[in-house]
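Each remark here refers to the structure printed beneath this line.
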Number of protein chains: 2
Amino acid sequence: MPATTQITLNAPLDMHLHLRDGEMLHNIAKASAKTFSGAVIMPNLVPPVSSKEEVVAYKARIMEAVGDEKFIPYMTLFFKPGYNRSFLESVKDEISAIKLYPAGITTNSEGGVSGFDIEELRPALEAMSDLGIPLCIHGETNGFVMDREAEFVSIYEKLATAFPNLKIIMEHITTKESVAALDRFENLYATITVHHLMITLDDVAGGMLQPHLFCKPIAKRPEDREALLKVALTAHPKVMFGSDSAPHPRHAKESCGCAAGVFTAPIALQLLAELFVSNNAPLENLQAFVSDNARHIYGLTPLKKEVILERTPFNIPSEYNGVVPMHASETINYTIKEVRYG
Amino acid sequence: MPATTQITLNAPLDMHLHLRDGEMLHNIAKASAKTFSGAVIMPNLVPPVSSKEEVVAYKARIMEAVGDEKFIPYMTLFFKPGYNRSFLESVKDEISAIKLYPAGITTNSEGGVSGFDIEELRPALEAMSDLGIPLCIHGETNGFVMDREAEFVSIYEKLATAFPNLKIIMEHITTKESVAALDRFENLYATITVHHLMITLDDVAGGMLQPHLFCKPIAKRPEDREALLKVALTAHPKVMFGSDSAPHPRHAKESCGCAAGVFTAPIALQLLAELFVSNNAPLENLQAFVSDNARHIYGLTPLKKEVILERTPFNIPSEYNGVVPMHASETINYTIKEVRYG
C-alpha cells in the first residue's frame, strides 16, 4: 500500500481560527474540535476580547460549545496600545498571544491600531516581549486591495527591529513580499491558510464572482501563491498552518455586500493532505506545517490526538449548520478515517 | 446661474450596450432608449447573432421593446473567422460593426475566436477593411484576471499592423496599457464605460465584496482609472462612451457564482455629468465623449435628441424591473430634467 493512501497527523493545530460567538459558535466549534488538537482563537468579537474576564468567559463558552471533544482553545486578546505591564502580567496565563488589528481593516476591527508609532506602542510591546507573549498581526494597510499586505511589510520590519525579542507572527500571509520578510528578521514568523495555498484572485473573480472564496487579505497573484506554497511544502520552520476559517451565514456571503471569510475548518486537513501529496511533498513536512513548527514557535504541548486520513473520495457538504464551506458540494480525494486520543 | 446647474447633451450615443433578449430585453430596452439617441448593440445572445436574418429579426425585437421611444439600435454581428466577402457585402447595410470575442472570455462568448492567426483571419478582416465595417474587440487573454487586458495589447497591435485600414475598436478598456496603445496606432480606437471611470478593484473587493460592481474586464488599479479618466475628460478624439451596461436578474448577481456585468443604462448620463463637472472638465468634452467622437469614428448621423440634465439630487432606484443598477438606492447630483426631440 503506497504511503499516501493513509496519512497520520499528530496533534494538528490551527494557529489562526475564528469561532465567533453565540449561535454561530455553537454551530461551528465542533468542526474544529473534532480534528484539531487545539487552535489559536481570534478575539475580534463585538466588543473585542480585551480583558481577563472576557478571555476567561469566552474560553468557557468555547469549551461548552465544544462539548465532549478534546480540544484546547489557545486564547488571545485584542491588542490595545494602553495595555500595561501589570495588566499583561495578570492575564499572561490565560492567553497564548495578543492579536493586533490595524483599525477598520477587517471584520470587527474598528477598535484596532491607527498609525504605528513605536513610542506609543513601546510600553505594551516591551512588556509582551519581556513576558514572552507573541504578537499576532493582521498586516494590511488601507491602500489598494492588491497592495495592502506588501505595503505593510515595512511596518513589520519597523516592529521587528524595534522589539527584537518579541515574537511577531505575520498572520495569514498572502504575498511573496511577506514570505521574503521571514528570512530577513529573526523574530518574524507567519501563518498561512489552506485557501491561500490553493487559490489566486483568478478563482475569486476571474470567472464568475465567487463570494465563498472572498476573504481578507484577498487572494493574490499566481507568483504569490507559488511563494507561499514553497515555504509550506518545504515546512519552513517559521511557518505554521492557520486556517483563518471564518464562518458567516449563507445570506451574509451571497448578497449585495458580501462579508469576508472562507470557511475551511472541517475540510482543512483533507485539503492539506491532498495538496502535499499532489505536490510530492514529504509527509513529515505536512506534520511540521500543521503542528510541529507551531509547537516550537509558541512553546506548546498540545493534547494528544492522532488524525488518520485516507485516500478516499469525500463529498464536501453544501453547508455545515448554515455555513457554506470552501468547495461546497465538490469531491476531494482525502477523507478523515479516524481520530485517536492518546 | 452657473453653467453646470444645467447641461444639454445633443444626441448622446452608447457605443457598447447589452440589451439581451426576450423578457429581459422588454424590461430594460426603454432605459436606454429614453435618454440615448442610439446605441451599438452587442450580439452575444444564445445563439450569437451571426446571420443577416438574425440581425434583422433581433433589430425588430429591439424596436418592439423600445415602443414609442425614438432610438436607433446600431446592430452588430458576432465575428466568425468564416465570414466571407460576399456574406459581408450582403449584410453590410444592416450592421454598424462586427464584434469579436476571444472564445470563452465573457458572457455567451463560447463560440468566439481561439488564437489570433492573422492568415486565418485575413479573408474576413480584409473584406471588412475594404467595406468599411469596424471591428469591435473584447480584448482579454485567458491569463490572470488583472493582466488579461494588458496581455491582449500585443494582439491589438498585431491586428492594427496587419490591417492598417480596418477600424479596430478596443471595447471597454480598463488599463493604462490600452490607453497608451491608442496613440501608437492610427487605426485603434476605444470605448470606455462610466463605471471604469469611477471605480477600481478596491470598490469591488476592497471592503465588502460588491457583486453589482463585478464586470468583465474587472475594474483595475488606481493608475489605470487615472489614465482612463484623462482621455475621457479631455475628450481624446479616438475615445467614445460605451456603457457596457449589462443587465442580469438580481438572483444571478447575488449568489454563489455571480454573473459579470454592471447595469448603468438608466443612470449613465447623470453619472457622466457629475464626473465631468466634479473634475472641472469642459462640457464640450462631455458632448464629444458621449456623442461627437462616435459620430466621426463610425460616420453616424444620429437621431436628433436633446437631453437636459439638471443639478438636482436624484435617488437611484433599488431596481429597474428586477435589475439592480450601479449605486442602487444612492443619491447622485444630476437628474434628467427633459428629453427633447428635434
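Keep in mind that glycine also has a Cβ here, set from the backbone N, Cα and C atoms.
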TrEMBL has B:HIS16, B:HIS18, B:ASP244 binding Zn(2+) 1. Which one of B:LYS99, B:LYS158, B:LYS167 is in the same site?
B:LYS99
Rank aside, I only need the closest one: which of the recorded positions B:HIS138, B:HIS172, B:ASP244 has its C-alpha nearest to that of B:HIS18 (Zn(2+) 1 binding site)?
B:ASP244
For B:HIS16 (Zn(2+) 1 binding site), identify the closest of the recorded positions B:HIS138, B:HIS172, B:ASP244, judging by Cα separation.
B:ASP244
Around the recorded Zn(2+) 1 site, report the further residues of that chain (criterion: Cβ within 8 Å of the mean position of the Cβ atoms of B:HIS16, B:HIS18, B:LYS99, B:ASP244; site residues excluded), sequence-ordered.
B:LEU17, B:VAL40, B:MET42, B:CYS136, B:HIS138, B:GLU171, B:HIS172, B:THR191, B:GLY242, B:SER243, B:ALA246
Need the DSSP three-state call for B:HIS16 (Zn(2+) 1 binding site) to compare against my parser.
strand
Within 10 Å of the Cβ of B:HIS18 (Zn(2+) 1 binding site), how many other Cβ atoms are there?
25
Hey, for the Zn(2+) 2 site built from B:LYS99, B:HIS138, B:HIS172, who else sits with CB inside 8 A of the CB center?
B:HIS16, B:MET42, B:LEU100, B:TYR101, B:THR106, B:CYS136, B:ILE137, B:GLY139, B:GLU171, B:ASP244
Residue among binding-site residues B:HIS138, B:HIS172 with least C-beta crowding, 10 angstrom cut-off:
B:HIS138
Just to verify a number: CA distance, B:HIS172 (Zn(2+) 2 binding site) to B:ASP244 (active site), in angstrom, no decimals.
7
B:HIS138 (Zn(2+) 2 binding site) and B:ASP244 (active site), Cα-Cα, nearest whole angstrom:
11
